Structures are given as structure tokens and as C-alpha cells.
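Worksheet for the structure shown next.
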Amino acid sequence: MRVFNFSAGPAAMPEEVLRQAADEMLDWHGSGMSVMEMSHRGKEFMSIHEAALTDLRDLLGVPASHRILFLQGGGIAENAIVPMNLLGARKTADFVVTGSWSQKSFGEAKKFCAPHLAASGKTEAGFTRAPARAEWQLSDDPAYVHLCTNETIDGVETFEIPDLGDVPLVADVSSHILSRPMDVAKYGVLFGGAQKNIGMAGVTVVIVREDLLDRALSICPSAFEWKTIAANNSLYNTPPTYAIYIAGLVFQWLKRQGGLEAIEARNIEKSKLLYDTIDASSFYLNKVEPAARSRMNVPFFLADETRNEDFLAGAKARGLLQLKGHKSVGGMRASIYNAVPLEGVKALVEYMKDFEQRGA
């Protein structure tokens, strides 16, 4: 029996994609091989690779000024890879810290430069807001400005993206990429791990403006130097072939759904249903300011936290899994990525109401 999976990542996958991958597991398109067995330089995998790059460019509307790279290491590795590729001769980078992940990025940058905290969304209740551009106090000559546009742990999403002129904007988009249209031209760099909306863990997507490819520090390993990766079409070393294949299937699935405009409408409907249920209740609480609430990751807390384990056990009995909040903040978290159907959110909302009534 398939369950409704609310995991923050690795996360729910479109069932169509899983079934197609299962059908093609032993024999991809008459090749007699599994994708797992293919040479990454053979014509079979090259067709998969190129299709994935093309479909992602189409979905996001990536302009010709930007290159799409497939790397490894996840968003965590990019926290080091970004400064090694962008600092050049500059000594600082600016950070807008809106949650746990951008805070981690800020800390990692200290190994390479003197990062500057341009703004913070932290309040007495934790990370609950996304500072507006007017609040950003940028340094005089930063190499770039870093922003995590969706904080997976804290449930904070930044929707208003400013134009910073000549200063490159770097965004960690791991947990909301492909959930809505984006103006990629506004960014110098976008990066994201695949295990939320792109596909399975193992591949990291980096989208970088081509004129930024000449800034790498001399200490940057060749395998992580974007210029080298771009020059070799993301095939400098053996790529995570199966993860790229799965990502390509997800891109095709997204196109069949009507693209990102259609997906965004679904995500708005799903998140509104869940937030409305929380707000109408005196038993559940979400601490994030409404304007900054994530459509992908919805943390919530029970008024009586001694009942947390009962809540999780009851949810599991109904086939609602992976609802436990991150250990750093506690409570609950429902991650409702693209592949989580509206029916799953409706089932969760029904359970939440039933649980509240039983405890009243």
C-alpha cells in the first residue's frame, strides 16, 4: 500500500516516475541495459543527460546567459563550493539569514572569507520572517549576496527577489525549485540538492551566470570548479547517472502536468488548505509570519506537546508518514512538495481535526 509521505527529503516522488523507472530498470529503451550500467560517455546515457538539461532549461526558462551544471555533494557542499568559485580577489560575501540553512551557509563561508551578516529573520520565536530588501545592510564590495529562498527546517520562504545590480545574488533553492516560476535572470547562481522536488538524492543542480565562471580561488578542487565542469558538460568525472536519469523523468512529468504555472497553482491550493486548518485551530500553531510562510515545508506545533508521540502514532496508522519536525525545532512538519497530491493534504487535515476533537 502506498502511503502519503511528508518527508522533508529524500521526499515523495511522483508515482508515474517510479513506475516508469521500474519498467525501464532492466532494459532502457531496448538497449538491453539498466541506466545504472551505462557508460556515462555512451550514446544511450548522453541522450538522457542532454534531455534532462534541455527540459530543465525549458521548465525554468533559463536564459542563454546561464549554464546548467550537474554536480555532487548536495547543498551542504555548495556552501563551500560557492565561495571557492565566486570570491575571486574579494574578501567578503554578504548573507541574508532567514533560517537554519542560510545560517549554516554563513558559518561555512568563514573558512574562506569574512562573511557579513546583511540581515536576519530571527525573532524571539525563532526564524519567523523574511527581511525585506530595505532591511538589507550590504557591505561595500561583496563578492556576492547569499540567500536561502526556502528554509526547509523553519518553513520560511522568500518571494520578493530584489535586483542587486552588479552584485551577484546566490540562492539556495534546494527545497522549492520547480515549485513555481522563477526569474532566473535575477540570479548569479542558483543551487539545489535533488532530493526534494528534482528527484532522488545524489545529484546537485547548479545554474550559474556564464560571466561568473572565471572567479574561482586557486584552492578550488578541479572537480568542484564550475568553469571546469561547464567546459566538460558536467562530465568531467563520472556523474551520478541514475540520479540524473530520475531527475529527467521528473522534468518530463512536470511538463505533462502543465509546467510550473500549473504546479504553482496546485501548491498554493495545498498549502492554503493546511495553513487555514492550522490558523482556524487553537490546538495547532505555526509561528511564521503569513507573508513568509513556505508552500513546501509547513512546521506546526501542538498546544499540548506531551501529545506529540500520540499524534505521530495516529498519523502513521492512517498512512501519514514522516511528520516529525526537525530535531532542532521540534513539533511537526509537513513537507508538501510537488509530488505530494492534494488528497494527501486533505487526509492530513482530516486527521488533524479528528485528533484535536478527541483531545478537546
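All positions are counted from 1 along the displayed chain.
Glycine residues also receive a Cβ, built from the backbone N, Cα and C atoms like all the rest.
In Swiss-Prot this protein carries:
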type	residues	note
BINDING	ARG41	L-glutamate binding site
BINDING	TRP101, THR152, ASP172, GLN195, ASN237, THR238	pyridoxal 5'-phosphate binding site
MOD_RES	LYS196	N6-(pyridoxal phosphate)lysine
Request  = Please find, for TRP101, THR152, ASP172, GLN195, ASN237, THR238 as listed binding pyridoxal 5'-phosphate, the greatest distance between any two Cα atoms, in Å.
outcome  = 30
Note = If you tally other C-beta atoms within 10 angstroms for each of the binding-site residues ASN237, THR238, the top scorer is ASN237
Note = One finds that other Cβ atoms within 10 Å of the Cβ of GLN195 (pyridoxal 5'-phosphate binding site) number exactly 24
Query = Does TRP101 (pyridoxal 5'-phosphate binding site) have same-chain partners at least 6 apart in sequence with Cβ under 8 Å from its own Cβ, and which are they?
reply = GLY75, CYS148, GLU151, THR152, ILE153, ASP172, SER174
Note = binding-site residues considered: ARG41, THR152; fewest surrounding Cβ atoms within 10 Å belongs to ARG41
Ask   = Can you count the other CB atoms that lie within 10 A of the CB of LYS196 (N6-(pyridoxal phosphate)lysine)?
value = 30
Message = Give me the CA-CA distance between THR238 (pyridoxal 5'-phosphate binding site) and the residue listed as 'N6-(pyridoxal phosphate)lysine', in Å, as a whole number.
response = 23
